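Chemist: Encoded as structure tokens, here's the structure I'll be asking about.
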Amino acid sequence: MAIERTFSIIKPDATRRNLTGAVNAVIETAGLRIVAQKRILMTKAQAETFYAVHSARPFFGDLVSFMTSGPVVVQVLEAENAVAKYREVMGATNPANAAEGTIRKLLAESIEANSAHGSDSVENAAVEIAQFFSGNEIVG
């Protein structure tokens, strides 16, 4: 099986509570390598572009506001089946439905403030990675 890359965001609810290390520990324990990482303040334009697929949804404005409410940590993760593996490690979007030991079960505050984003496909991962990283910033 080929090595894949996926994109991750540690969301403002987690960074506000200084949980970056806790999230990274779950990621690395699951066998995903962090090959790029930076802490940023996402701009409104970045958030609107990133979540454009949800622009017609009623929660879009709140999502953009939340994602720009504090620092986020954007990451590139690498492993065999990285996309599926990270989605499993994150857990269900609603932390109440997330499996034990997942990021969202352990750390999320709510369905909105669920601590982590992960790409849903290899194709979307490539697009999402390119929005935040240049090639020389990925050092896997």
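Here the Cβ of each residue, glycine as well, is placed from N, Cα and C on the backbone.
Positions annotated as active site, pros-phosphohistidine intermediate by Swiss-Prot: His117. Residues or ranges marked as ATP binding site in Swiss-Prot: Lys11, Phe59, Arg87, Thr93, Arg104, Asn114.
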Chemist: For the binding-site residues Thr93, Asn114, which one has the sparsest Cβ surroundings, going by other Cβ atoms within 10 Å?
Modeler: Thr93
Chemist: Three states by DSSP: which one describes Arg87 (ATP binding site)?
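Modeler: Where Arg87 (ATP binding site) sits, the three-state DSSP reduction gives helix.
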Chemist: Using C-alpha atoms only, work out the spacing between Arg87 (ATP binding site) and the residue listed as 'active site, pros-phosphohistidine intermediate' and round it to an integer in Å.
Modeler: 9
Chemist: Out of the binding-site residues listed (Lys11, Phe59, Thr93), which are within 10 Å of His117 (active site, pros-phosphohistidine intermediate), Cα to Cα?
Modeler: Lys11, Thr93
Chemist: Quick one: among the recorded positions Lys11, Arg87, Arg104, His117, which has the most Cβ atoms sitting within 10 Å of its own Cβ?
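Modeler: Neighbour-count leader: Lys11.
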Chemist: Given the ATP binding site residues Lys11, Phe59, Arg87, Thr93, Arg104, Asn114 in the record, what is the largest Cα to Cα distance, rounded to whole Å?
Modeler: 22
